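Trainee: Before anything else, here's the structure in question.
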């Protein structure tokens, strides 16, 4: 027994998480190598209109980042994170291989169908891989050990550093291959990267800590609502104990030792749910606890955690819309501008997204090694600033990015008018593509704060048995944002074409992409205001020893 405990204690920590960060870097290389230039393939090869292509990219991206909710449920309830990662990675790899075949050997009349089928197969693989790999990495740190608990906060920073290293490399290498060599090779390289990711994950399997399954987390959630509804006629006295109209009743003792879960103290929010913990006469007469009538205090408090996170999730949806802009209209915007930096080399428009990753790669060590210690001395928080403050800064910076994008687009349109290029969409605007760098860099700074903050919040504040769901919830913010972005494009197209000049027309020189960016900036400001209001009411999770 002691030998098994020593063997288990030797697992995990940075030794294991390094493998997992490497896996994520390779997977992000595959994902961004495959997806960053999708709008170019759809418009130039499959000949879709720009607005249609942008909607298709947003819908696919949205599905790929909402499916993790299903993958996380399967992992937390039935398969476990380790098995889910292996199975979903295999599906992911098969989807990428089929994507290569669709652009190389599939007959032209079937190409579009097979291409989109392959894309959504990748989305299914992403749905299982993405929520589990991050949670599995964080699970390698034991929260009961102070040094490992501190290391876990740092893990999220370096985790995102690995993500940005992978996607930045893909944006430099793979996008260039797709634009200048061939699409088959351009999609083949990401497939090889995903195969390496799967092999690397299996290579480190002996060093991993694995969490045991505790049953369906959603069942535990539903039980609380059902038990509270059944006892809705009961009430609590001022001291928090149950009051059954004079009959003897007490609240259920916390059973953390039997469940192995963290013990959560009572928080005086959503008090109607506390009725699920009242023991009435029927409970006293029963030999076994009926989970649909009687719940533990910790079980009730776990449901309250979810309810407290819901307003945060909704208030961040507008940020998700901002996040989706880099791979759609920003890329098409760059395709109209002067791209040459030498007589033999032109910058692929989609490659400018690398600026987002570069800012993070440079900024993450500065944030972790300089900003956090400095802020810690001022605020006393171990992480320098609170998680919600970090997210709020990121949302603010995304609004600044949209303002910059609107100003740059206004200048691009002015130059197009000055040179008589309004009716010549195929002609290059004599304005360097590097004018777009500031908006991409500001989005990188925004992600450094908001994305990492969302990752940590939805891991740290979720119930212990639902942490894969927490990772999926953070991803679903971005996924829902992509779907909302697609809906917004449709509404803007309908309204602008009916009551004035088309904002997002095929000819960007005649369109008003600058108006669209100003609209996004205004929405982002509104979203920031909503987030601040919600954050002021948020209560962080507390645990008891």
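Cβ from N, Cα, C; glycine included.
Owing to the predicted nature of the structure, the values given are computational and were not obtained by experimental measurement.
Annotated transmembrane segment per TrEMBL: 59-79, 85-108, 158-177, 183-203, 309-330, 350-370, 391-408, 440-459, 471-495, 515-539, in sequence order.
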Trainee: Can the transmembrane segment (309-330) be said to touch the transmembrane segment (515-539) if we require at least 3 CB pairs below 8 Å and skip pairs under 6 apart in sequence?
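Mentor: Contact confirmed: at least 3 Cβ pairs fall under 8 Å.
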Trainee: Is it the case that the transmembrane segment (158-177) and the transmembrane segment (85-108) have 3 or more CB pairs under 8 Å, with pairs at least 6 apart in sequence?
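Mentor: They are not in contact.
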Trainee: Does the structure show the transmembrane segment (183-203) and the transmembrane segment (350-370) touching, where I'm treating 3 or more Cβ pairs under 8 angstroms (sequence separation 6 or more) as a contact?
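Mentor: Stretch pair does not touch.
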Trainee: Taking a Cβ cut-off under 8 Å, which residues six or more beyond the ends of the transmembrane segment (350-370) line up next to it in the same chain?
Mentor: 32, 36-37, 39-40, 154, 157-158, 160-161, 163-165, 167-168, 171-172, 175-176, 179, 326-327, 330-331, 334, 433, 436-437, 440-441, 443-445, 447-448
Trainee: Could you pull out which residues elsewhere in the chain have a CB under 8 Å from any CB of the transmembrane segment (59-79), counting only those six or more residues past its ends?
Mentor: 35, 38, 87-88, 119-120, 122-124, 126-132, 135, 213, 215-218, 324, 327, 465-473, 475-476, 478-483, 485-486
Trainee: Counting only residues 6 or more past its boundaries, what in the same chain has a CB within less than 8 Å of a CB in the transmembrane segment (515-539)?
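Mentor: Tertiary neighbours of the transmembrane segment (515-539) are 267, 269, 308, 311-312, 314-319, 321-322, 325, 329, 388, 391-392, 395-396, 398-399, 402-403, 405-406, 409, 492, 496, 503-504.
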